[in-house]
Amino acid sequence: MEKKNRLILALDVTDRENALRIANEVSDYVDSIKVGYPLVLGEGLSIVKELVEIAPVIADFKVADIPNTDRLICEHVFNAGAAGIITHGFTGRDSLDSCVKVANEFGTDVYVVTEMSHPGGVEFFRPVAEDIASMAVEAGASGVVAPATRPERVKDIRKIIGEELSIISPGVGAQGGSAADVIRAGADWVIVGRSIYNSDSPAEAAKKICDEMNC
Ligand code: U5P
């Protein structure tokens, strides 16, 4: 993903019309659009084909299954035109390897969740986040997902993954995190949803976050 604005839009609206309107409004300010279950279950995977005309798409399906099922999911997502996919890591190295293999065939990116951004994200993830980050490096993932709600954890995870892998970081705005703080802590991109798509002016909201990050 080309680093221009350091902002990824989490497009968790559930209908096509709003999705396309918001995506078009903020396209100057975002490097990518993240879609997940809310939008894809609402409108089908074909929405990805439409959104890639506006910006590169990352599919946040937090893939977490056996290697064969993971492979099938990744193939669908990349055939639809997504430039990247978010996977879990707790399912183990063989499952992650399967996703990375498909991504390499398509020339796309795999981002692995390390520790989630919501309060419950510390309950089970905290003790394994570093191990998952190391595994992401060893498996040849493109990057990891780490919490903007805990910039100190982004710092810890950056130390483990080094400079080659990217950190994409959700939790800014609605979840309480600060874009500037988490970029300072070592994130490459922030992922922002509600603060942008629920705003009366998504473009202004996106611009404000970009300004905070000096991009
Ligand atoms: N997301 C998180 N935290 C994680 C991993 C993913 O918030 O640890 C996703 C959410 O599913 C949502 C987006 O799509 O990032 C954040 O949205 P918002 O809180 O900015 O509305």
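The backbone N, Cα and C atoms fix where each Cβ goes, glycine too.
Record features, source Swiss-Prot:
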BINDING   ASP12, LYS34, 60-69, SER117, 170-180, 193-194  substrate binding site
ACT_SITE  LYS62  active site, proton donor
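Structure coloured by features recorded in Swiss-Prot.
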residue	record	DSSP class
ASP12	substrate binding site	coil
LYS62	substrate binding site	strand
SER117	substrate binding site	coil
GLY173	substrate binding site	coil
GLY193	substrate binding site	coil
If you check the binding-site residues LYS62, ILE66, SER117, GLY193 one by one, which have a CB less than 6 Å away from any atom of ligand 1? SER117, GLY193
Which entry in the list of binding-site residues, ASP12, LYS62, SER117, GLY173, GLY177, has its Cβ near the fewest other Cβ atoms, using 10 Å as the limit? LYS62
Just counting, how many other CB atoms are there within 10 A of the CB of ILE66 (substrate binding site)? 12
Please list residues from the chain of GLY193 (substrate binding site) whose Cβ is under 8 angstroms from its Cβ, counting only those at least six apart in sequence. LEU9, ALA10, LEU11, ASP12, LYS34, PRO170, GLY173, ALA174
